[in-house]
Structures are given as C-alpha cells and as structure tokens.
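**Q** Below is a structure I'd like to ask you about.
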Amino acid sequence: MQKKINLLGCSLESLEDFFIGLKEPKFRAKQIFKWIHQKGVLDFDLMTDFNKTLREKLKSVAIIEPPKIHEEFVSNEGTIKYLIELNSGSMIEMVVIPEKNRRTLCVSSQAGCALQCTFCATGAQGFEQNLDSYEIIGQLWLANFSNKNKPITNVVFMGMGEPLLNYDAVIESAKIMKDQLAYGLSRKRITISTSGIVPNINKLSNEIDVSLAISLHAADDKLRDEIVPINNKYPIKSLIAACKDYLASYENKRSITIEYILIEGINDTIDHAKKLTKLLSDISCKINLIPFNSFPGSDYKRPSNNKINAFKKYLMSKGFIATLRITRGDGVDAACGQLVGNLSNSIKGKKLITHKSI
C-alpha cells in the first residue's frame, strides 16, 4: 500500500505538481494551500469548494497532519515552550516568544544535532533524525492555529538541529512561510541560522531569499575548533568567504547576523573582541551577543554583566552594531542552547512555570 503524502509540508509548486499527477487542474493547489495555511483547516470534508468526488480522491492518497503537541510550558515572562512529538516517537521543542509588537517562533529542523557544539544542550544529546518539511512547517501551523493564538510575525530557525544539514526540508518549509497564499512572511522575518555549513551557504541565495545568521562564537580556528567542532571541516577562512559571496550575490545592500555566545573565561575578553572586529571588518553585519545559558552537565558559566557590557562597548566603539540578546524562557529551559526535546529535562519544578499537558 502506497504511503499517503502529507500535504502540510508541500510548497505551492509541489502542490501544483501533486494535482497535475491526479489529473486535476492546477488551481486546486491554491485552494487547498489557503485552506491549510490561512484558515487552519486540516479536514478535506470541510473544504467546501471541493466536490465530494475530489475530496474522496484526496483522502485516498493524502493526509494533512501536523505533529502533536505533547506538553506546553509557560515561563513567567510569557515565553512558551512546546514539547512536540513526531510520528517516529522522537521529541523536539519549539519556542514562542511574545513581545509587544511581534510574536517570534523558534523552530527546530532536526531532532537532536550532530554538531556537538560544547555550549549547547541539543548537541550534547546527539543526533536522532532530520525533520520532514511538514514537521517543520507544522510547528508554525501549531503556533498559529492551536488555542486560537495570535499569528506569528517572525520565524527563526534557531531551535534544535543544524538547518543547513536538513537543507531540502528547510528550504521547502521556508518557501511556504514566505508564500502570500500561506503565511506571507517577508525575508526579513525569516532567519536561517547555521554553524557554518559552507557548501549550503553557497547554495542558499540561489534557492530562497531569507535572512542569514552565522553561529560564530569564536574569531580564531583554534578556539572555534574546540567549541564549534564543525569548524574542523569548514574553518573560519572558508566560512567568511562564503559570507562575502552570499552578500555579493544580492544587488541590494544587506547584512548578516553574527551570533556570539559569551562564555566566562572562554571567549569573553577584550582581546577576543579585538579578534572579532578584525575578522568582521569588511563584512556587512550586526553582532548579536548571547550570554551563556546553563544546562545540566555543562561546566560553562555566564560572564558577569560588567564583562558582557565591556565586550559590547568595545564592538560598538569600532563601529559595529552590537545587540545583547535578552534571555527569555530560561525558566522553562527554552533559552538559547537549552533545547533538548527530553521530557525529563523539561520540567525543573520551578514555581514560575505554568505546566499544561495536552
């Protein structure tokens, strides 16, 4: 028996091919696309502009199913972490960060991660599987349509996994996010973050127009080899070259976000800041400083506020735009570097947590 296709993860172009294969007109793709992503409808029988014959045909070959919300955790400042169960039984986590004028979704692209960055709980967990496109876009669907939530305004591929090691599914889901017949998010509202998968950075600008973030965290190969092991395969020189090529591929001026986790005694001195400004001197970028967030089993510590502020001040004195990421969701292990997709590690018993089983 042929496996049914999950239409949730199909871009409009893929849906058009699907309907052509069914010997149905292409315009059906736009109809079902809007039902799923604009109206949140998953049941073919509720799609009133499809006749019964077509609905039955669709039910015989296709499904529309997002992954399941297993549990939900809400921190005292309103950040929501969802524990999501995949069909395989693996768990992933997605995070919704509500702010005054926007609502940001942090999506996972893999269950676990193979890159083993030393400051990240996901990397310590190891790699389980790539997510299908329906499991990625399904996170946005759930964030928008479960519990009548306010629509997501921004998506960052900064959850579990390395997005550019699950390239095809990430690109397919990002196309859906951007499509005006679906979520209509502009390129500035979708950010794909990578630890430095150079060949796929080189492909990215030809595939889709989104914002790019680089998880750098060190400005020399010796240190980056240690804390971001993928650097052994794609060292800083090749990564910086890929960033320059990426920026040059666009006619209009744009910038890259450089992510830099500050770890006490590892990469947080003014000397480190000097190396960073020298490395990035001819790249159009802004630098997002992220104080380390602790997780079980890690000996790393967050630098003092004085050291963090001194680091930021030095970057700004050299003409860089430097921002300090406000830690959100650490009460529910939803802050940067804390996602593990593990139920036992998700509950800390802190009284500021609202915990709800689904």
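Backbone N, Cα and C atoms are what each Cβ position is placed from, and that goes for glycine too.
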**Q** So TrEMBL lists GLY161, GLU162, SER215, LEU216, HIS217, ASN293 for S-adenosyl-L-methionine; which of SER146, SER193, SER238, SER281 goes with them?
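**A** Only hit among SER146, SER193, SER238, SER281 in TrEMBL's S-adenosyl-L-methionine site, alongside GLY161, GLU162, SER215, LEU216, HIS217, ASN293: SER193.
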**Q** Roughly how many angstrom lie between the C-alpha atoms of CYS120 ([4Fe-4S] cluster binding site) and ASN293 (S-adenosyl-L-methionine binding site)?
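**A** A Cα-Cα distance of 9 Å.
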**Q** Between the recorded positions GLU93, GLY161, SER193, LEU216, HIS217, which lies closest to CYS113 ([4Fe-4S] cluster binding site), Cα to Cα?
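**A** It is GLY161, whose Cα lies nearest.
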**Q** Looking only at C-alpha atoms, tell me how far SER215 (S-adenosyl-L-methionine binding site) is from CYS117 ([4Fe-4S] cluster binding site), rounded to the nearest Å.
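**A** Spelling it out, the Cα of SER215 (S-adenosyl-L-methionine binding site) and the Cα of CYS117 ([4Fe-4S] cluster binding site) are 10 Å apart.
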**Q** Here's one to test understanding: among the recorded positions GLU93, GLU162, ASN293, whose C-alpha is closest in space to the C-alpha of CYS117 ([4Fe-4S] cluster binding site)?
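**A** Of the recorded positions GLU93, GLU162, ASN293, GLU162 has its Cα closest to that of CYS117 ([4Fe-4S] cluster binding site).
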**Q** For CYS117 ([4Fe-4S] cluster binding site), just count the other CB atoms lying within 10 A of its CB, please.
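**A** Excluding its own Cβ, the number within 10 Å is 22.
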**Q** Spatially speaking, which of the binding-site residues GLU162, SER193, LEU216, HIS217, ASN293 is closest to GLU93 (active site, proton acceptor)? Use C-alpha to C-alpha, please.
**A** GLU162
**Q** Compare all C-alpha positions of GLY161, GLU162, SER193, SER215, LEU216, HIS217, ASN293, the record's S-adenosyl-L-methionine binders, and send over the largest distance in angstrom.
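**A** Between the most distant Cα atoms of the S-adenosyl-L-methionine site, 19 Å.
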